[in-house]
Structures are given as C-alpha cells and as structure tokens.
C-alpha cells in the first residue's frame, strides 16, 4: 500500500514541500531564516489575534485598551510583549534572509526574489500601521510624519494624504482603518509566502557555492527539519528572553504617553528596523527627493539581478565582492544609528555620506567588482 502522504492530494503538497523535498546537501545555517520567518509570521498572527480580541480602535480608548490588556487580561502582558518584540525578531530574520540572498546570489531566481521584495514591503507596511495602534505619542506623530510624506507627490499629494487620513488630520478614522489594514495584511502576507515557496520549489534552493546542486541532494526531512528546529529553539529563547526580561528595550519611551496632537515629541523616529530608510529620507533636504530616495532604498533590490556582472553566482569565491558586501552591511548599521539621532551636525553629514555610499556600493561598485573578478580569473598565457 502506498504511503498516504504521497497520495493524498493535500498531504502530497506538504510532503513535496517539507518532507521529500530534494535539498542541496551543503546549505548552511544562513538557510534557516526562511523557516524562522514562517514561524515569526505564525507567532505574530496568533498573538495579534488574541490582542485584537481586547483592543479597541478608537482614539479615546485605544491607549487605555492596551493598558487594560497588559494589566487585566490573563497573560496579556506576555502576549503584547511577544507581539511587540516578535516584530523585531521578524525584521532581524528578514534582514539576514535578504543579506543571505545578496551574498550567495539567490536573487538570480528572479520570480522568487521579486515576490520576496514585495513581501518585504508588505511586512514594512504592516509594521508601520501596527505601530500606530497603541496611540501613544510616537504612534501618533510617526503616523502624521510618514503619511504626510505622500503630500510630496505632485498634483494629487494633498488630496491623497487627506484620503488616507479620512479627514484633515490623523484622527479616529485613521486609527480605525489602520487597525483594519493591520488585521488583513498578515493574511495577505501568508498567501504571498505560499507563492514565494511555490516559485522557490520550481527551481530548488540555491547553495553557498552557487554551483548546480542537482548532483548531490538529500531529503529535507530529517536532515533540515532537525536543523531548522535548532534555529527555532534559539530564536524562541531569544524572543522570550527579550519579551520577559527587557520588553521595552527596543521601544520608544514616548509611546508610554497618550497621543497628544498639541505636543510634539523632541525627536520623532520610527522603530529601529526602519531607521536606515528614515536616515536616507532625512539626508535629502528636498521633500520629494527624500521620498524617492526612501522608496529607492528598498526597490533597489528589484534591480539586483540586472546588476550581476560576475560569471560566478555566489560571493563565496569572490573576495573583492565580499569586502563590498561587508562594507554595505557596516553602512546599513551606520544609517540605522544615524536614523535614531537628532537632525544636527555631525549626524547630518554622516547620514548624507552613508546614503550616497549605500547607493554607490550597490549600483556602481558591486557590478565593477564582478567585472574585475571576471578579468582576474581569465587565464593569461604569455
């Protein structure tokens, strides 16, 4: 009798995706983040669902309802802390996952990569609207500042902003619709993740060498299920430690003050995972230019396959490209730091140089490094 997991229409899909999936035998721990992102998404949806049962999306009661969750709901404090810090873990895994894709040339699977970039944008949108919901000072002013950026769009800008706000300022209508968006987007993300996996399984996984792995593949289960479970345990331990011992480490103290339209916080800044893009936005004095640079900082990932000039896929055997990659990583850390600093010297100049070098490394230096490495690898007989 044939095994049911290989014949049942639904079980067959699960079997071909997570059990009998032929996987390269040499993929490293950098390939763990896909499964970790899946786990993060499930954790966020579940904790979010329980929070939504007690939350009220009304400007008068939103802040109090969050306080009520933390004080009066059974384990509400834990659910809220896991949800808030789970977002940070989600982005940490996302950035490492994207970084892995850049380093090992995974962007050459164009369909998978493009869906991945759209996923990144959707997750960022979800996190932004979610940050507005507790209706603290930073929630309110963050929403005001970021939505206001759309007014830089010529001709329709102001109308568009008022349409998104549902009035002439960030108010009850804005909070209600942001809650609706925050509720629906994770399920859209879930559907897109399925498409992401569908495209990935059309080609199979890449591997650290960037070479064709078809000659040496092993079943996903038990080898990589065990490996993923190890990564899962480490992630959950980190998340729980963060949520229980220092839940407010990554948050903003201003968000403990209820939203007040008459009082602007001294430094308006988003959560840490948006700071790099925020720094790029602030480094351009022109409003429209800043918005375009902000969009370009993420959308530049879409042209990565076009900028690939090397004959090799992975950076594993390309030391010049490796150096540039780690320079880019350091650059992003600097941008993240600058995004959290006040708009004054020397931070303005550092931010501008870091923004210029971010785009220069990706658009100019990396393709040049690929061409140089190609030249150096050519045999030169006397």
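Using the three backbone atoms N, Cα and C, a Cβ is placed for every residue, glycine included.
Every protein chain considered, the tally of other Cβ atoms within 10 Å of the Cβ of residue 182 (heme b b562 binding site) stands at 22. What Swiss-Prot records for 83, 182 is heme b b562 binding site, and it gives similarity to another entry as the kind of evidence.
Within its own chain, residue 97 (heme b b566 binding site) has 33, 34, 37 as residues 6 or more apart in sequence whose C-beta sits under 8 angstroms from its own. In three-state terms derived from DSSP, residue 97 (heme b b566 binding site) belongs to a helical segment. The feature heme b b566 binding site is assigned by Swiss-Prot to 97, 196.
Residue 201 (ubiquinone binding site) carries a helical DSSP state (H, G or I). The ubiquinone binding site annotation in Swiss-Prot covers 201.
What Swiss-Prot records for 33-53 (among others) is transmembrane segment.
Below 8 angstroms of C-beta separation, residues 30, 33-34, 36-37, 40-41, 43-44, 47-48, 50-51, 66, 69-71, 116, 120, 123, 127, 130, 235, 238-240, 242-244, 247, 250-251, 271-273, 301 of the same chain, each at least six residues beyond the ends of the transmembrane segment (77-98), sit close to that stretch. As annotated by Swiss-Prot, transmembrane segment applies to 77-98 (among others), with the evidence given as similarity to another entry.
Counting only same-chain residues 6+ beyond the ends of the transmembrane segment (113-133), those with a CB under 8 A from a CB of the stretch are 55, 57, 62, 66, 87, 90-91, 94, 98, 101, 106-107, 139-140, 142-143, 146, 174-175, 178-179, 181-182, 185-186, 188-189, 192-193, 195-196, 199, 270-271, 273-274, 298-299, 301-302, 304-305. Here Swiss-Prot flags 113-133 (among others) as transmembrane segment.
Only residues 6 or more beyond the boundaries of the transmembrane segment (178-198), in the same chain, are considered here, and those with a CB under 8 A from a CB of the stretch are 17, 37-38, 41, 44-45, 48, 52, 55, 57, 112, 115-116, 118-119, 122-123, 125-126, 129-130, 132-133, 143. According to Swiss-Prot, the feature transmembrane segment maps to 178-198 (among others).
Same-chain residues lying 6+ beyond the ends of the transmembrane segment (226-246) with a Cβ under 8 Å from its Cβ atoms: 29, 32-33, 35-36, 39-40, 43, 78, 81-82, 84-86, 88-89, 93. According to Swiss-Prot, the feature transmembrane segment maps to 226-246 (among others).
According to Swiss-Prot, the transmembrane segment annotation covers 288-308 (among others), on the basis of similarity to another entry. Note on the transmembrane segment (288-308): residues 98, 102, 105, 107-108, 110, 113-114, 117, 120-121, 124, 149-150, 152-154, 276-278, 280-282, 355, 358-359, 362-363, 366-367, 370 of its chain, located 6 or more positions outside it, place their CB under 8 angstroms from a CB of the stretch.
What Swiss-Prot lists as transmembrane segment is 320-340 (among others).
Remote same-chain partners of the transmembrane segment (347-367), defined as residues 6 or more beyond its termini with a Cβ less than 8 Å from a stretch Cβ, comprise 279-280, 282-284, 293, 296-297, 300, 304, 307-309, 321, 324-325, 327-328, 331-332, 334-335, 338-339, 341. If you look up Swiss-Prot, you'll see 347-367 (among others) marked as transmembrane segment.
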Nonlocal residues around residue 201 (ubiquinone binding site), in sequence order (Cβ under 8 Å, 6 or more apart): 16, 17, 21
Tertiary neighbours of residue 83 (heme b b562 binding site) (same chain, Cβ under 8 Å, six or more apart): 44, 47, 48, 51
Between residue 182 (heme b b562 binding site) and residue 196 (heme b b566 binding site), the C-alpha gap once rounded to whole angstrom: 21
Distal contacts, the transmembrane segment (33-53) - CB-CB under 8 A, six or more residues away: 69, 79-80, 82-83, 86-87, 89-90, 93-94, 96-97, 100, 182-183, 186-187, 189-190, 193, 228, 231-232, 235-236, 239
Collapsed DSSP category at residue 182 (heme b b562 binding site): helix
Cβ neighbour count within 10 Å of residue 196 (heme b b566 binding site): 21
